[in-house]
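Per TrEMBL, these features apply:
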type	residues	note
DOMAIN	73-216	domain 'AAA+ ATPase'
BINDING	81, 82, 83, 84, 85, 86, 87, 88	ATP binding site
């Protein structure tokens, strides 16, 4: 469950001082820091199926950033991949292991671009609201987290509003933004990620051999030059404001089964591999003959599962 507070009055950003205790990270909390790192590592390794590259990048960058009491700039991660590969879930795991109240923490802010900024004619209003929201919340909690879903659909004017908060700046509007985390979620670049993954598979190489260096440069160029994306030729990329472009690989049949069993456990159902396999048989995989990679990742499992039990 996500919490999004969307108000335009400046005083609506005020929190009581006791909220700062919700952060697990603290200057003197070495025990809490150890728990946080172990928790994030465990969750990424055991719950984020088939995403070894993303897991490695997230673990190193997030723990390194949170352990740095004086970072030079905010942490900016851009998650890319096809539908259902775990981008949103990974952002939830990050929040879960930073904040005591996890994803319902008042310091975690999720924006769905198409839901919260749907009308082009209201772009100036959105700009003002977004500026006030970021400024007000970082003022109250420097370790705030902002997640933008469907980032590739964001209006260029709104992207321009975000830019100043992502750069190297000790003081902007008398607010320090360098301890905040910004995470962008996007399907853009998914085709390129799939191509690289398919090439490894066709060459007979193990999926686990794929490393960030095999994808990141091509991924960032693909996103930058994508004519159908709001990120096309954006200065977020051109000015190197994104710290890492994190690829989420297409999920294989075995990962789909893992997702299905995890969903059954979440719903309090006994494990039933045959039910998950029947569900998988009804969905599309690619290549068509070999049926190796899921077209929809794990996205459809929760709603379709009851029909196959």
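Numbers here mean position along the shown chain, with the first residue as 1.
Positions of Cβ are set from backbone N, Cα and C atoms, glycine also.
All annotation found in TrEMBL is predicted automatically rather than curated by experts.
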Under 8 Å by Cβ from residue 82 (ATP binding site), counting only residues of that chain that are 6 or more apart: 187, 190, 193, 194, 248, 250, 295, 297
Listed binding-site residues (85, 88), ranked by Cβ neighbours within 10 Å, top entry: 85
Check: same-chain CB within 8 A of ATP site center, minus 81, 82, 83, 84, 85, 86, 87, 88: 187, 190, 248, 297, 299
Listed in sequence order, residues with CB under 8 A of residue 87 (ATP binding site) and six or more positions away: 79, 80, 81, 185, 186, 248
Neighbouring C-beta atoms (10 Å sphere around the C-beta of residue 83 (ATP binding site)): 14
Residues in the domain 'AAA+ ATPase' (73-216) grouped by DSSP into helix, strand and remaining coil: 72 helix, 26 strand, 46 coil
Sparsest-packed of the listed binding-site residues (81, 84) - C-beta count within 10 angstroms: 84
Set of same-chain residues at least 6 away whose C-beta sits under 8 angstroms from residue 86 (ATP binding site): 48, 49, 50, 51, 54, 248, 251, 297, 298
